[in-house]
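Annotated in TrEMBL:
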| type | residues | note |
| --- | --- | --- |
| TRANSMEM | 12-30 | transmembrane segment |
| TRANSMEM | 36-55 | transmembrane segment |
| TRANSMEM | 67-86 | transmembrane segment |
| TRANSMEM | 106-125 | transmembrane segment |
| DOMAIN | 109-323 | domain 'Putative ER transporter 6TM N-terminal' |
| TRANSMEM | 137-157 | transmembrane segment |
| TRANSMEM | 169-188 | transmembrane segment |
| TRANSMEM | 596-614 | transmembrane segment |
| DOMAIN | 620-757 | domain 'Integral membrane bound transporter' |
| TRANSMEM | 645-667 | transmembrane segment |
| TRANSMEM | 673-691 | transmembrane segment |
| TRANSMEM | 698-719 | transmembrane segment |
| TRANSMEM | 739-760 | transmembrane segment |
| DOMAIN | 761-994 | domain 'DUF2421' |
């Protein structure tokens, strides 16, 4: 059971998922129910599956609300379609109707009106579906209603007939939604905050494991050559020029420790994105518990404060790789002896330093593990140990056995925060030891000296390569130390937060309000924002996708990314011009990509529906139930061809499996109805196991459940109402061994039509979406970097105010940073998913440059981590010591001098975003900021010396134990890494979109010039001696 992942939660969710459809087909065995729904009874089971009752409560209620609204809208539209079509028949019918015939006479006017309505309604609904991903499932429900009513419309001959059909359809859907509603709220209810707490618990466990893996990795560096272990940082981009044709370098080999750590960090990032997306539903949820919406926010912020430095410590893997690449230390048999000697000496020094980090990381691992466990126990995220429960009870009674505890507090004890704080203080004292060892290795101090006795001016020699190398090593060492120290400080803050929660809980217990759980009701403001968010792109996240079977994340990146200023029109200044803008807005709507997708779905639907609207084939359409092929089209249509190919095979496989399971359930019990229902419920439970454990194959599992319900439900329905009633809608009865293959052919036909219209007339591929998502990522990074820079500026100039005050600039900047960080955590996993889906797309022409795209994704992910570390470093300390004022004043003076660096990074990211979005070539020679420009500027500043001594350089080695020096080290190392990856991004994007080349060069004689090749358009132009040619001109 454990190997299959069949834990208690999974079994309960499997059972819950099977309850609603089982109830739906079981109630059809009631004579009253069967007689009311007649031939539409099996639809209840299908809609109950689409209601997704296993969703958390907040998501389910949002989906249910929209489903009911769209079902009612579908009923109103259906009445309008059939009434207008019937009016066309009544105005064109010349002979009386004969009620004794099976089908009424064919009427072309009625069929045409029905077809026009069907095309228009399907187009509009799917345009809305593409525009607002929240409407995905409701539009599918709406499409089912519309398809059934529009295909029955040509054979309707009276108002009573179509009113009865619409009434039974609407009642069947509302009944299914009611069953799903009851199952969601009454059968093993899953509150949204329970899901969030489960995710937070998972994050805590991953963080505890990540620090242990970091300890193992650091310990491996005590003996390994960290510069020889090449990590898979950027295998796709070499160090050559734009048109470098050199041979490909061998694939780097990643150490086992680094691989495990990278995988854990990736899981932490992905889970953090899910927590931030689902936290909104948890805060809106009505609940019975102890933590309000503000408590959930505080818990996540504390956990996020622990996450950032843990991820930062793992970046040492990238740092060693960058150092090895820059110094060309990839040694082989041809490496010069002096280079090899330099590398061996560097390795020896770093091995010694890492040995000194052994004990601190051992203590760090223990503090993180116990601190997070204590926080989880106090917040009731982790179960309280029995010993802690007994201790809590004894402390409440005043019976505390101090000798039995041995002076040690364990996680969950009321005084554990004090013990943790003492451990953190001891760990802080170790900081100077590693710095002292490094200085001794460089011969800067003696064995008995301290860093303060280091000779002055060591880093002041101009153009000294060794000096700059040692300074870079010191920055790196301080970077690692600073991150560890930062993490410990946040552990201390977490312990203090836990103490505050404990004190708060004791006060609530004392006044009796915490003696039991209480009702938590969200504020009216949050409910109003929830309702408004359903119609906004800003709320699009992992549960609101453009396809029911697509788990990619749709992220709203802001108006600045999509909205472009019209170069042909000035802003409207009067009512007439504003009226013209409204007309132009309608034109943009009809010509938008969302409208184009709606037209695709409408054309695919009409490809099948046209059979129903032509006289020779109308009877065939009705008898063979081709309306379900139209419904499969509505479910199967996606905006990209890669997902369509993937979905096509999944739907065929799922339908084939469902057909086999239906035959087994029908015949294994010899057609006994109770036995059939039991096996049906068992098979639905089994499918839900795969639904939960393998969400990447959701298309197969969902279609399997729908098809199984359709086959079993129809056969049980016929047994109850009889064959005569079942055939009253002009559809012949088929036994199950014929009905199953018919359903397989119907689904296959609908999926094939959906696939054809996805790639015709021109496909929108996953590769196109991948490029657009990368463009959005670059835009978000530029926005994120701007917010961080403004935060740093306000902090240094003391203009931000108190971040705890909602109206202060510091609070608003923090909110913007968190929002951008959450969007980046959501969009980055979708990049990898689009890269995986593109493998299903057929390649026509040259190969897809997958390695280059993966390199861009990796670099964008690393830049996000580095920017987050910079943000964390400049904001985590609210107050400064008096001795740090000189550093703050110096950095404030530097902001003006190095502001061009900030502008360069933002401009480069904006150019990359625009080029990826539109496919335009990059301009030549994009400037990249110099990583150590801040160092060179800071070297010019002096600290006031003691009386009788000359002023001392801020970067003098004597200052390396000060907080300001370490703070600067973090900023310097992270900025250098950002610049390195930014340069790699420019090269990679240049390979994709090209670079405009305006250069001219002499090829042979003095009278002949040849213009440079514009790599984007692949144009050569011969120029005369005056530089004029057929191509580009100066």
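Cβ from N, Cα, C; glycine included.
Model confidence over the domain 'Putative ER transporter 6TM N-terminal' (109-323) stands at 81, taken as the mean pLDDT rounded to a whole number. Counting C-beta pairs under 8 angstroms (sequence separation of 6 or more), the transmembrane segment (12-30) reaches the transmembrane segment (169-188) with 3 or more such pairs. Beyond its flanks by at least six residues, the transmembrane segment (596-614) meets 111-112, 114-115, 118-120, 122-127, 129-130, 147, 150-151, 154, 620-622, 626-627, 629-630, 633-634, 637, 639, 749-750, 753-754, 756-758 of its own chain at Cβ-Cβ distances under 8 Å.
Sorting the domain 'Integral membrane bound transporter' (620-757) by DSSP state (H, G, I as helix; E, B as strand; all else coil) yields 115 helix, 0 strand, 23 coil.
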